[in-house]
């Protein structure tokens, strides 16, 4: 059994929906970009730089409190499917895992803490990308996790730091604090009421940006938006986090208002849409990932609006992750064609929703105003 | 309680799916057009003609064996909703029940036998339209029923008959035998394999025609086609019926072959479509009649292909009839707006499918080749 198999829930603590506003905020992520003195970084890094960096990280990975019980996954040692699983779990970037045309470089790795919601990408764009991902809206928590790791690691390793610019990074947009915090929010209300573009525009005006589920360059699916800071320089980490926190709370407020508008102006249409999504998930024989995400978006809205109270947010989170192509192939123990993948996805969804117990087709509402045609 | 309320299953014996090929053939209908000597018929009939005809029918309606326990429903005595219910049960034509602009004429009526699958439209296009509707493909049975009624009635009432032309009717296309036999068939396989137009074209070439669910001028919904004879003159009733029976059996054969082709070439797509239809019926909050019919078409195909064996054809037949607008209003005890109607329809479907017992989302197939992703 490889190290990979030993950690089936590798880096997935944030799925448990335990955080604040968990039905709207899937997760909070804070990452710090760091580079080591004495080794070229960014595009100038050579294989010996990368191997030296990884070797220094390995030395410490198990000795630091934050990385207790850590698993070090060296990219070239993993097959393509498992590397993709790391991407699907948001533990590795598309750049890190390589592709069919470009095998991952020697020295590229992901370190996953055994006890804390922490991981480190090694030799991605920067030598180190320390990140913490936690459930719900918990910027302080994610920050304090990653800050502790940063301190512990910084005591052992010589960070590249400039007294004026701060931490030096491969791309100048990360220089300074090296911090990017992002919050993954589910905004179906704003999408359905067509208020979303206004909100996204306003984000830009206050120095924030948004991305899809898989970060930079990825498309928005299932009405999930990653909202994050654009600036990393000239402000303290606390200021950056406070600002993001305040804005995200406002976005959540707008989302809640949009949902009330939806219920008021199109209650039965919305309810119908939610139940249809559930019905399709419960019975479909083939689901593309995109369709699944759209249906899950409807069902998640239903859970949040207490129309589908028997379903747990945790279940919905789990469905998002384990229905991705590499996860399905891992479970099947073999490669899957796209149509096989769609069939396995649908079967998995049926199984999980079935094991959740049946949601009564009549929902939580009592039987008042229920027509009773005589047959 | 009006006479109407006394017969909740008024004329609905054919729903029970007891006939041959019941999963493909919904019903067989045979009707005879008859007019009485001494009274103007067709467009020349006046109110006193119509009233006299109805009065003569009333005299006999309960004394004939075929009409034992008959209910006579005089159109002007029924409110619009109940007249529409008769249309929805295919006991009355659109012409007979009148409309908001044209109240039904005095003397127009429907007589429904209490013990036999027989009914008579009085003062529609012809003085009398005797008809028998039975479940499945049973042309002989429907014919013998209506033939007996015709004989019994013909002994009491003087039919307009011409030694050369046969029975005289308002429209010359019905003259001769006055017989129209029609078989209501469900042909999703031929529709999905796009073979249907060929089959329908061939019907025309052998003197048959097709219509939608509600007869002349009605659209095809839910892949239901009424196949019937076009000619009524110059052939014996037996010949007409035998010909129709032979052709319909061929159509059924083509439909079965088309289903096999579907399963072979697009098995998983078809299965997915069927289960999605079931999932939507099971959970939707709003269903138009047209959408319902399309979903029921998918589910009916699934039952026929043994993919949804827990469902009875009888249940599907019942859903078709009792979800029509006037039936829903009757059950609700009030008028319904279109959107209320869609909501009541969806609620009724959920209730009936729920009382049928849950269909396992995994269907009848065993667990072989079933992916088991580990979550």
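Even glycines carry a Cβ here, placed using N, Cα and C.
All annotation found in TrEMBL is predicted automatically rather than curated by experts.
The feature ATP binding site is assigned by TrEMBL to A:27-31, A:129, A:180-184, A:211-216. Other Cβ atoms within 10 Å of the Cβ of residue A:212 (ATP binding site) number 16 in total over all chains.
Taken from TrEMBL, the feature domain 'Phosphagen kinase C-terminal' applies to A:24-258.
The region 'Disordered' annotation in TrEMBL covers A:354-375.
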Exercise. Near residue A:30 (ATP binding site), which residues of its own chain have a C-beta under 8 A away, given they sit six or more steps off in sequence?
Worked result: A:131, A:132, A:139, A:142, A:143, A:145, A:146, A:179, A:180, A:181, A:241
Seminar exercise, completed: Counting every protein chain shown, other Cβ atoms within 10 Å of the Cβ of residue A:27 (ATP binding site) number 25
Exercise. Can you check what DSSP calls residue A:30 (ATP binding site), collapsed to helix, strand or coil?
Worked result: strand
Problem set entry | Per-residue Cβ crowding (10 Å cut-off), top of binding-site residues A:180, A:183 | A:183
